[in-house]
Amino acid sequence: MHSSLIKLGFLLLLLQVSLSHAQLSPSFYDKTCPQVFDIVTNTIVNALRSDPRIAASILRLHFHDCFVNGCDASILLDNTTSFRTEKDAFGNANSARGFDVIDKMKAAIEKACPRTVSCADMLAIAAKESIVLAGGPSWMVPNGRRDSLRGFMDLANDNLPGPSSTLKQLKDRFKNVGLDRSSDLVALSGGHTFGKSQCQFIMDRLYNFGETGLPDPTLDKSYLATLRKQCPRNGNQSVLVDFDLRTPTLFDNKYYVNLKENKGLIQSDQELFSSPDAADTLPLVRAYADGQGTFFDAFVKAIIRMSSLSPLTGKQGEIRLNCRVVNSKSKIMDVVDDALEFASFM
């Protein structure tokens, strides 16, 4: 009975998404590129062999893409003379990663289905497959997005939640992009159930919280001692620390168990449980900690909503041939490559 209700709820959610964004559909590539899902999965599986972090990194790319002008693959663009890349924004600089895997994925898709699958759709599919490979839930990704023609670094600086954000700031950032439900914020924050963060993002919590010269009082004392060993006061701040001390490579509900024990890694995570303003988020943390299925159901609903934010569809934008550059640049680079190849035979 419970399973049937979940399926019914999922179908109703897809109907809601399709009514809001009629051009997005889980069957969008059924006839034009049905192999896209296998290509994406195989690329991630191969990458995981040498990089256990890559699944979490790809999910983060999708999150940070959708929070800036909708899910349009703008985060994948490199710098040009006309705009600064989102890769240079505070929330991405020296931390966003996985672009080489995205390049391999796109090259394989272009070989199989030329000029068919957008980078934005590919990234949304890759985020889902990354979660599934890490033990998380599966869902049908609504597709049909197209790619932006530019990046938005300033908007990324304004929209992306930061590691030291208060609960009020988090709610404001989510509301600004169209995610105004507490369940969206708490469920999507569960993406931190795997992956790593750098010491630089928690140093204030460990040593000088709120300019007090003291650690964050919400931090569990034993966890504080552990983190201080990993991130000494004058140590290398690029050292990586697991978000989830229990199951760092699995997509599960242990993130919320950690929050209940005051063992959230970054301030913005612990705020969901420990903030004085957490009257609406604290019960959700408890519910997700007590039931992994409850968390999975909420996460799927929230990520479908997020991935359907303000998509470019129809003839808007383009389908990039190379996710790093808009197509006019891709064509120029192809001409240059062809010329260099020709010259090598002269």
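Cβ from N, Cα, C; glycine included.
Feature annotation from Swiss-Prot assigns disulfide bond to CYS33-CYS113, CYS66-CYS71, CYS119-CYS323, CYS199-CYS231; the stated evidence is sequence analysis. Annotation source Swiss-Prot lists site 'Transition state stabilizer' at ARG60. The Ca(2+) 1 binding site annotation in Swiss-Prot covers ASP65, VAL68, GLY70, ASP72, SER74 and is backed by sequence analysis. Residues or ranges marked as N-linked glycosylation site in Swiss-Prot: ASN79, ASN236.
The structure, with features from Swiss-Prot marked on it.
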residue : record                             : DSSP class
CYS33   : disulfide bond                     : coil
ARG60   : site 'Transition state stabilizer' : helix
CYS66   : disulfide bond                     : helix
CYS71   : disulfide bond                     : coil
ASN79   : N-linked glycosylation site        : coil
CYS113  : disulfide bond                     : coil
CYS199  : disulfide bond                     : helix
ASN236  : N-linked glycosylation site        : coil
(message) Under 8 Å between C-beta atoms and at least six apart in sequence, can you list the same-chain neighbours of CYS33 (disulfide bond), or say none if there are none?
(response) ILE109, ALA112, CYS113, THR116, VAL117
(message) Tell me which of the disulfide-bonded residues CYS113, CYS199, CYS231 sits in the most Cβ-dense spot, judged by other Cβ atoms within 10 Å.
(response) CYS231
(message) I'm trying to understand the geometry here, so how far is the Cα atom of CYS199 (disulfide bond) from the Cα atom of GLY70 (Ca(2+) 1 binding site), in Å to the nearest whole number?
(response) 29
(request) Could you measure between CYS71 (disulfide bond) and ASP65 (Ca(2+) 1 binding site) for me? Cα positions, answer in whole angstrom. (result) 5
(message) Name the residue among the recorded positions VAL68, CYS71, CYS323 whose Cβ has the smallest number of other Cβ atoms within 10 Å.
(response) CYS323
(request) Within the same chain, and leaving aside ASP65, VAL68, GLY70, ASP72, SER74, name every residue whose CB is within 8 angstroms of the centroid of the CB atoms belonging to the recorded Ca(2+) 1 site, in sequence order. (result) CYS66, PHE67, ASN69, CYS71, ALA73, ILE75, GLU86, ALA120, SER148, PHE152
(message) Counting across all protein chains present, how many other Cβ atoms fall within 10 Å of the Cβ of CYS119 (disulfide bond)?
(response) 30
(request) Out of the recorded positions ASP65, CYS66, VAL68, SER74, ASN236, give me the one sitting nearest to CYS323 (disulfide bond) by CA distance. (result) SER74
(message) Can you tell me which of the recorded positions ARG60, ASN79, CYS231, ASN236 is spatially closest to GLY70 (Ca(2+) 1 binding site)? Compare CA atoms only.
(response) ARG60
(message) On the three-state reduction of DSSP, what should I expect for CYS119 (disulfide bond)?
(response) helix
